[in-house]
Amino acid sequence: MLLFTNAFHLALLAFVAPSPFVSAGNVQKSGLQLPASAAANKAQVVTMFTDAYSVYQKVAFGHDDLEPVSLSFDDSRNGWGATIVDGMSTMLVMGLTDLYQQAVQFAGTIDFNQSNVPSETVSVFETTIRFVGGFLSAYQLNGEQDKILLEKAQQVADKLAFAWVGNNDVPFGELNFTTNQPIVAASNIAEAGTLTLEWTLLSQLTGNQTYADLAQKSVKHIASLGTQLPGLAAQGIDPSSGEAVGTYVTWSGGSDSYFEYLIKFPRLFPNSDPVFATTWLTAVDSSIKTLKKTSTVGGHVYLADFDGTDIRHIGSHLACFHAGNWILGGKLLNNDTIVNVALELADACWNTYASTETGIGPETFAWISSDGSFTGGNPPSASDLTFYTKNGFYITGSDYILRPEVLESNFYAWRATGDTKYLDRAESAIKSFNEFLEVNNAFAGINDVNNANGGGGFIDDTESFFFAEVLKYLYLTFDDPNHISIDEFVFNTECHPFKAGPAEINISHSPPKTSPLPSSPLNLPLPQISPNPRLPNPFSSILGLL
């Protein structure tokens, strides 16, 4: 079992900790210059958006997801038109005003009093990041003119607030919008800890502090729990008791955006409680010391998982957001150590794209480092080892479902360094997407990124985050860096930009105070991580052990 003493961790924290109050540094490199080719790439991304959205308008308008192969629709987010709301900020960023005005008109018709599908269960996390975040970002980007968007954000948040029961600090992950009753079940720290940006901004814009108080008390509670690795909360949590469930630690799904918001929250809201930035810095420090691994082939730098006993040499597309998040936090805290590791992580995640036949990265992967190759699952096969010997990783989940994280980190790396290799990578992704994902003038996921002969078949789904995240990150990579500068905006985990003022961050020299580590952690079933009904859950082997 890996366990740091408090004294040892204090020494580690001193290695990276700045003064208690930080007038934070700029993230974006000054004087960034785009090459002439950027304009064509930017225009190509706009065409990808408008073409795919046109198909959505024709066959799926008002529904959540486009099914681009069958030219139908799916309502994975309660039938409230997720693609429309999630796409609004992208429309504004791209200057697509006609589409935006249509979207605002539609938003005014959404009735959040009930789910529009037979399943009345509503995800607090997904509804917050896509709907509350989408409404508030568009409201700000269009000069706070469209009051209906603020009203709708408040309307849906008022319903979601029923997820907090009694004196519970932590909300339940799902609730019934008809009865306003939560689904009593275990949750995870991403679901419970990725609400602070949206709900605190809602408080600022409405003058109702309740939203901020609810979201912030959940994160503070999670940060106060005892951990084996300082700052790295276990993935599972029980809202009923407030206790951790299991001991699994990861920067991937189920934990990812909890860690992401720990540094984004104090950047967006100056003079925040130091527990946020301090916990983030502590988590990054622990990760560098314990989870950072280097492949025996290629020297690629990855972040492993920790199951409470052993290191697991596994990574995921979802986890590849970490590089961008560390670039952001490292720059804010003027910490070159964190930034340099982050750039190594970005390179390794891009290598998962560059090494496949389609030029697109897989859902999950694994590697071998000097301390072994344990993944918690089957050992690598002969074909896995052949692939690993060539590429420094091997594929464990070959599908791609239009995820943004690798391109997200690539965007941050470009804006922070000005190295044009990141532009080359984004251009490569655009070409691969148009070659292997395009179908019926829209875009679908594929089953096998290492199969250039049709990608193993399409996955008939275009989730709203393709419009909200993938295309926005690609567009902004080739856009004027002073438009939506990362020194003037903070992106929520769905890539909705929120306006930010001067960066001033409170941080403590000491690690955050936590409760004692329980001798016997709770063992409860946890929710699926980013489930897609068209696919087997790639994290099922992890979930079964929590």
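Just so it is clear, glycine is given a Cβ too, placed from its N, Cα and C backbone atoms.
Please treat TrEMBL annotations as automatic predictions, because they have not gone through curation.
TrEMBL lists region 'Disordered' for one of the ranges 277-299, 507-529, namely 507-529. Mapped onto DSSP helix, strand and coil, the region 'Disordered' (507-529) counts 0 helix, 1 strand, 22 coil. Take the CB of GLU405 (active site) and look out to 10 A: across all protein chains shown you find 25 other CB atoms. Cβ crowding, taken as the number of other Cβ atoms within 10 Å, peaks at ASP256 among the active-site residues GLU126, ASP256. For the pair CYS320 (disulfide bond) and GLU405 (active site), the C-alpha distance works out to 5 angstrom.
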